[in-house]
Amino acid sequence: MEVSQHSIIRDLYAEKAIHPEDEIRKRINFLKDYLLQTGAKGYVLGISGGQDSTLAGKLAQLAVDELNKEKNETYNFIGVRLPYGKQFDEEDAMTAMNFIAPSIALTVDIQPAVDQAAQAIEKATGRKLNDFQKGNTKARERMKVQYDLGAMYQCLVIGTNIASEELTGFYTKYGDGACDIAPLYGLNKRQGKQMLQVLQAPQALYEKVPTADLESDHPGLPDEEALGVTYDEIDDFLEGRKVDASIEAKLIQLYKQTAHKRKLPTTIYDQWWK
Ligand SMILES: Nc1ncnc2c1ncn2[C@@H]1O[C@H](COP(=O)(O)OP(=O)(O)OC[C@H]2O[C@@H]([n+]3cccc(C(=O)O)c3)[C@H](O)[C@@H]2O)[C@@H](O)[C@H]1O
Ligand SMILES: Nc1ncnc2c1ncn2[C@@H]1O[C@H](COP(=O)(O)OP(=O)(O)OP(=O)(O)O)[C@@H](O)[C@H]1O
Ligand SMILES: [Mg+2]
């Protein structure tokens, strides 16, 4: 099937425009309904100090706060800082934690686990993971810690998957791409920003340059620099606007190239990859 701007917008549930207040309400309700339906006791999410985890964390905290008022149960949101050693923008992570005020606030340093795993692989192969590959290990270690905490506290793992990153596949497969529930799905970066404004988040958090911050050699490397496309261009594309032909071609190519990340493992019965 032909992949086009139109088909991508449809497949990623991207909207031309949102009413931020309505989106906040709908997505809090989704988080509440899902807990009631599954019987889980809350949610867990890594809080980086970036835009997406600030928004998803705040919605999750608001959802459990409402449930705690409405039901005879105790629900928790676990906000967990997951630095690799010392995080270069630790101050932003603290600001995000203060804004969200999680029911349970934790910090787990992922450095020892990541370094041990890298050393064990080096011992076995005689080869070193490069800085980029180790970046993906960090994202997968963060996923693992969130699942361990989720199991311990009977909480489900939240993902910050948004349309702007789904489009380019700019996330680690089974790392930050893995989760139980994705309350921001369909939104673009600009729309997330509007929602954080309505939620009265500190401006520094939604004006912040998005970064995966995975490479030790390039702390805080802006996503836009790594991708070679700006979020304005990505969001224009997702909102159905005309973008430069070379940008359109690049985004469609990235979308196709990362299709495997948006599917369950390929089996002999699948046709989508052909
Ligand atoms: N056609 C195919 N069918 C099935 N599987 C396929 C495949 N091609 C690759 N793969 C598998 O996928 C792997 C590559 O995918 P993956 O491990 O994700 O790695 P990759 O896509 O190479 O790297 C992840 C990218 O996402 C960025 N990122 C990561 C995490 C967070 C953020 C952020 O914005 O916060 C950004 C990161 O900076 C990097 O540029 C391969 O090693 C292989 O195992
Ligand atoms: N240092 C960190 N501490 C805790 N969680 C992290 C950390 N780095 C990444 N994560 C988790 O991985 C997710 C994906 O990272 P990503 O950079 O896309 O989102 P973000 O940092 O919240 O927002 P932004 O895209 O604006 O930087 C985050 O939302 C967060 O849940
Ligand atoms: Mg980030």
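Even glycines carry a Cβ here, placed using N, Cα and C.
Automatic, uncurated: that is what TrEMBL annotation is.
Here is what TrEMBL records for this protein:
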BINDING   Gly46, Ile47, Ser48, Gly49, Gly50, Gln51, Asp52, Ser53, Thr160, Lys189, Thr211  ATP binding site
BINDING   Asp52, Glu165  Mg(2+) binding site
BINDING   Arg140, Lys173, Asp180, His260, Lys261  deamido-NAD(+) binding site
DOMAIN    24-265  domain 'NAD/GMP synthase'
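Features recorded in TrEMBL, as mapped to the structure shown.
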| residue | record | contacts (Cβ under 8 Å, 6+ apart) |
| --- | --- | --- |
| Ser48 | ATP binding site | Leu82, Gln87, Asp92, Ala93, Ala96, Asp213 |
| Gly50 | ATP binding site | Asp92, Ala96, Leu205, Lys208, Pro210, Thr211 |
| Asp52 | ATP binding site | Thr160, Ile162, Leu184, Gly192, Pro210 |
| Arg140 | deamido-NAD(+) binding site | Thr172, Tyr174, Gly175 |
| Glu165 | Mg(2+) binding site | Tyr171 |
| Lys173 | deamido-NAD(+) binding site | His260, Lys261 |
| Asp180 | deamido-NAD(+) binding site | Gly150, Leu156, Val157, Ile158, Gly159 |
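Binding-site extent for ATP: residues Gly46, Ile47, Ser48, Gly49, Gly50, Gln51, Asp52, Ser53, Thr160, Lys189, Thr211, maximum pairwise Cα distance 18 Å (rounded to the nearest whole number). Listed in sequence order, the binding-site residues among Ser48, Arg140, His260 whose CB lies under 6 angstroms from an atom of ligand 3 come out as Ser48. The 10 Å shell around the Cβ of Gly46 (ATP binding site) contains 28 further Cβ atoms across the protein chains shown. Packing around Thr160 (ATP binding site) is summarised by its Cβ count: 25 other Cβ atoms lie within 10 angstroms of its Cβ, all protein chains included. Considering only the residues assigned to deamido-NAD(+) binding, Arg140, Lys173, Asp180, His260, Lys261, the longest pairwise Cα distance works out to 18 Å. Less than 6 Å separates the Cβ from ligand 1 in the case of Lys173, His260, drawn from the binding-site residues Gly50, Lys173, Thr211, His260 in sequence order.
On the 0 to 100 pLDDT scale, the domain 'NAD/GMP synthase' (24-265) averages 98 in this prediction. Highlighted here are the binding-site residues (Gly46, Ser48, Gly50, Asp52, Arg140, Thr211) whose C-beta falls below 6 Å from ligand 2: Gly46, Ser48, Gly50, Asp52, Thr211, in sequence order. Look at Gly46 (ATP binding site): DSSP puts it in a strand.
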